[in-house]
């Protein structure tokens, strides 16, 4: 049950806050169908990763058994003629690994070692595949950081410019602000946004140059705040609809909004890269697939509830990129403390995640650029890697604060690679590897219910379709402009 809660908490994050606007833009029926389908596809690839984790554990366990056997043989060796016989016996045993394992009563595929996706890629991919894996992870993490770097200043700008400017009661639904509109005094809204971005970078950027540890209690606090905020938003929207004050009349379908919806939904179901850390500590893994399935059902229900209450409570053109900002209005929330809590909620939660993601990205850069000769020079290790980690997302956030597009593009490109392409190749190659190493009759106890090769091909075909659709849509949109 604890594993179920952890997984739910991991998947439901910042992406959920951009989902209501994506729903309103694409239409409620298209959004519902796509959400359910993408949830199913994410579940399929999650079971692929679990199967690959089992296969990786089997390989590591078998190597340890071989090493122990060799050490025992070395210890028991003597200068007698029996050495040759012992060696022959050991070689024969090596050729019958499954039989010997069954006699020992051991289960090779039990997930006890935490084998991260990078390690699995090194075990099952060739060198080009490993480099492409890290490249995909790095692009995704850059997108993550750009979203975080834009979301915090954007929320601060929306709340403070409304509170300190002409509108003292929050972000009004009918107000359509431009970046050049005044914020307070001679300062424009875009100037306030960039000032907040600079402060955000100066406060949290230095963490990239060090290691972030002991964040347990900070994560617990932000998780608690997240669920309080989500609960308040859902309840307030339901009360507003129940009292007949719902303003939303979403269309049934609008294909022009599918591009962003696709990326937002992919981003919102992202968990595959964190599964090894999440599922390895689960004590009883007998019903792991059922646990994961139950989680996905609950997450689908939650996303549906959050998005449907939003699109029927607020008009589509009044929904903001960051859904929490819609509650920074007097006519929606009478209590000022609640308005400010919801308006500034992304600031608190995202600020705690930014350093962790930044350090993860920095470490992935180090792994990708691994030197055979050993450690990097101090300047490269402590200055160059942190700088190339921090600078690109801050520059992207400086140029745009269009959160829906940032989430959509990150999800549709890097997110598709991590959620679909990598798990599909991992499970395909680990199955081949397992058959070669342990024989064709070997059964991985954590094998995916979608064990037919058709599912691997279907996932890869869907990933290619996502790439093609989003790219074509962007090109056509730019051509019209």
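Just so you know, glycine gets a Cβ as well, placed from its N, Cα and C.
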Which range is it, out of 153-172, 173-192, 193-212, that shows up in TrEMBL as transmembrane segment? 193-212
As TrEMBL has it, transmembrane segment corresponds, among 269-290, 291-312, 379-400, 401-422, to residues 291-312
Under 8 Å between C-beta atoms and at least six residues away from its ends: which parts of the chain pack against the transmembrane segment (28-55)? 22, 109-111, 115, 117, 120, 124, 250-255, 257-258, 261-262, 265-266, 269-272, 275-276, 279-280, 288-289, 292-293, 296, 299-300, 303-304, 307-308, 311, 419-420, 423-424, 426-427, 430-431, 433-434, 444-450, 455-456, 459, 462
Looking only at residues six or more beyond either end of the transmembrane segment (224-241), which have a C-beta under 8 A from one in the stretch? 9, 12-13, 16, 302, 305-306, 309-310, 312-314, 323-324, 327, 332-333, 338, 341-342, 345, 348-349
Relative to the transmembrane segment (193-212), which of 132-151, 291-312, 332-361 accounts for the most Cβ pairs at distances under 8 Å? 332-361
Counting each residue once, how many in the domain 'Amino acid transporter transmembrane' (7-52) are helix, strand and coil under DSSP? 42 helix, 0 strand, 4 coil
